[in-house]
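What follows is a short report on a single structure.
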């Protein structure tokens, strides 16, 4: 999870693909303002806060080594809209789930961050002792006929919860003799959620999942924007993927829209049914790597890279597993790979005469594009184990700091050390169908226009 909260609402500048050059090595993009933040100083502060949160997320993944069922057997797939979280003050992507219901009680619709780097799904609940401000109403367990606290002797309270959060559940008796299992979940950026481990009915994409285990957060703080909580799509027993494996086969995919426009959305699909995909290229698969030190996360091997069609070489290519994460925004490359990518990018981009600009936060390669309606951007291609090539969409190459184009940066950053874990963030996954097949142990990628109207 990487999100940010604050009083200023960010409106970003879109990078819209107009025409691709030969072989997909570069693209012409138009710098077109959608709805820019009027106060440049406020925009600057807000973006710095978002990127600082993303840096904390990336750092936490370097040392994290412990994260982390109830389904029926009806439909084999489910699909829900996936939208940019800008209106919720986060650079992550969000979706809406329904929680509770049955026997005449109403379902509560809640907007949550979609995170492949987390396992436990949780939402803020009444009565909340410490809650951050969210846009949706708080979930009220008393209003759901299907809500139940997990008992302390349940397996979910011990080993499963420890795998999902790093900490086993604790027991307490309140209001009588009923023991409840309490969870405590802390993130590397200092954010946390604490509360009761519970079960309830989850509504998702027209399907109802009975007995879904989630965290009912009574004390929550941190960088979650105005969302109601978080959806965990990791690999341990308490993740949504694992809890619904009997129905959806342990497979899911998503398509992250490049635009922040409110009238377009991508999709999150549970199950391996590809009929909902709108990919324009075949899905190319690579092996899903298991890291014994960090079993919940999704890793792959990157064996080569090219910028604008020109291959680059670096010691870090193929030297270690690479984490793919929907909850990290900006891609982090090992220092040797980043230097090689940056050098080739600046050579090609600088040849067009674009003036350099100061770095911004974690982004050190920036340009002044004032007066340019269109720019030709060299695209980064990653070669994955097995021969699959993934070329970053034009919208994932540049991060617009200033709405007038005077500070536009290469949307990638370097790790501090060569032996740290590289991360492919959501910014570089835009306009891609990314397929997670946990049973087949493979990850798939295809080009797809993810802005569904």
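For all residues, glycine too, the Cβ spot is worked out from N, Cα and C.
Pulled from TrEMBL, these are the features on record:
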SIGNAL    1-24  signal peptide
DOMAIN    93-446  domain 'Peptidase A1'
ACT_SITE  115  active site
ACT_SITE  325  active site
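Its Cβ placed at the centre, residue 115 (active site) has 25 other Cβ atoms within 10 Å. The local packing around residue 325 (active site), expressed as other Cβ atoms within 10 Å of its Cβ over all shown chains, amounts to 27. Mean pLDDT for the domain 'Peptidase A1' (93-446) in this predicted model: 92. A separation of roughly 7 Å, to the nearest angstrom, links the Cα atoms of residue 325 (active site) and residue 115 (active site).
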